[in-house]
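Engineer: Marked as transmembrane segment by TrEMBL: 38-59, 71-90, 102-123, 186-205, 235-256, 262-283, 295-328, 374-398, 445-465. Per TrEMBL, domain 'Cation/H+ exchanger transmembrane' is recorded for 91-462. Per TrEMBL, the feature compositional bias 'Basic and acidic residues' maps to 474-488. Residues or ranges marked as region 'Disordered' by TrEMBL: 474-504.
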Amino acid sequence: YFLLHETASLVRDAGTNTDPVGCCARIREVCPCPPRGLLASLVTKVTMAAVLFGVVWSITEKECLPGGSLFGLVVLFLSAMVGGKLVALIRLPTLPPFPPLLGMLLAGVLLRNVPVVTDAVFVEPRWSAALRNVALAVILTRAGLGLDASALKKLKAVCVRVAVGPCTVEASTVAVASHFLMGLPWIWGFILGFVLGAVSPAVVVPSMLHLQKEGYGVEQGVPTLLMAAGSFDDILAITGFTTCVGVAFATGSTWYNVLRGVLEVAGGIALGVILGFFIRFFPSKDQDLVATRSFLLLGLSVFSVFASGVAGFPGSGGLCALVLSFLAGLGWGGSKAPVEDVVGRTWDVFQPLLFGLIGTEITISSLNPLTVGLGMAALSIALTVRVLFTFIVVLFAGFSFKEKIFIALAWVPKATVQAAIGSTALDMARKRQNAEFEGYGMDVLTVAVLSILVTAPVGALLIGLTGPRLLRRPKDPEWRTSRPEGKPATHSPPLQGHLPRTLLPKTPDFSVQWL
């Protein structure tokens, strides 16, 4: 019946329809002349890419061809993006997604260690170091903007202990372990210690938001505590790292180096205060605030990181970027949100470059198995001490035994800060052509990469697996309908007055506030 109906319809239309029938009509529909829709968009984008390549090639010539730095950067960026997307697709039931940064890092390692690809994908070391420093400046800017002044005022003892204690103890433990196991000098041991001492908000914050959405630990304030303390933990680690780097590369007596380190910290803070107050008032409110503020904030942060190295005070640049962005955001108040969006989009560009470039620094064939083994031993010792000490600092905070175990395990992941500062000491050693310091810097970078590869996925799994088992849900069956999705409950009292409910911004997208 269907075939007869279609045949009759075709015969009936044959005398009245003069348009082509069959495949020709469909071809004209899919490929109209002139092109429209998806086809036109595709042709336009391909043409734009070709024109851009032609212009850049006509200026740089060999740099755009295989083996050139521009070609290498483009391939590295695209590979890191693809690697991040692939890792993000790995989803396990009831678990938060794996951090995309793992795929970005592995993409860089792969490009570095595949023989045929390595020859074609090459990035000049100076370009690589410069881009990593720019990424560091962007990270520090996000950190400063993400700090909440009200949280700084209202932090109670438990949050201060969780933010400061484990980081300091782990840094000291790594310094001792690396000195005796790996033979690093004490100051380089502390450099490695502060590199490893930072927890990763890129792993912790999404995992906490996932648990918070399901109601786990909300009444006790566990996700709130960990998300708030994470930023301050990272600030402490970066501050300690920049101070130790300044001391390590200074020349002169021990007391002079210590004094120089203190002066670098004071100078970085002072300059950050001056610049922070400057961009609070300039541009004035009658100008294009978002574009101008974003340009000045990012420009001054990048300039402070690079200029401090040129001036011979490398430890002060990072602190200056932190302080100026914090004070600027404090002065802008609620109007800083659009600037944060711009900085966040800038980070979306530099994140694949940062992790990809860090991965390209690792040549598997040249790694010393002894260094890897001893580095893993030092990392294992440090993580054990960190977990135990974190458990101790929350002993009298009013949490249950299971909640204390969860808080200790959730303080394990490492990722973004390690990638941002892990290669800084190596870059400085290469710049000064100090072979001994280059060896120490490579050891620091190797252990930093190992810490990312090991603790980022393991930490995400630990949080996802232990959270539903160790944390409690609200007893009120209506808890989901009594609050906006993703926000902590407000109908229950704070935990013994230790943790204020206003510790975090009211918006549920706290993860965009930082890394």
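Every residue gets a Cβ built from N, Cα and C, even glycine.
Could you give the neighbours, burial and distances for every feature on this list?
Structural biologist: Residues 66-69, 71-73, 75-76, 79-88, 351-352, 355-365, 419, 449, 452-453, 456-457 of the same chain lie 6 or more positions beyond the ends of the transmembrane segment (102-123) yet place their CB under 8 Å from a CB of it.
Within the chain, the transmembrane segment (186-205) has long-range Cβ neighbours (under 8 A, six or more residues past its boundaries) at 99, 101, 166-168, 170-179, 226-227, 230-231, 233-234, 236-238, 240-241, 244-245, 247-248, 378-379, 382, 410-418, 421-422, 425, 440, 443-444, 447-448, 451, 455-456, 459-460, 463, 510-511, 514-515.
Only residues 6 or more beyond the boundaries of the transmembrane segment (295-328), in the same chain, are considered here, and those with a CB under 8 A from a CB of the stretch are 130, 133-134, 136-138, 140-145, 147, 235, 238-239, 242-247, 249, 261, 263-265, 267-269, 271-273, 275-277, 279-280, 282-283, 336, 339, 342-343, 346, 428, 431.
When Cβ-Cβ distances below 8 Å are used as the criterion, the transmembrane segment (445-465) is approached by residues 92, 94-96, 98-99, 101-102, 105, 178, 192, 195-196, 200, 203-204, 207-208, 210-211, 358-359, 361-362, 367, 371-372, 375-376, 378-379, 383, 409-410, 412-415, 418-419, 422-423, 425-426 of the same chain, each at least six residues removed from its ends.
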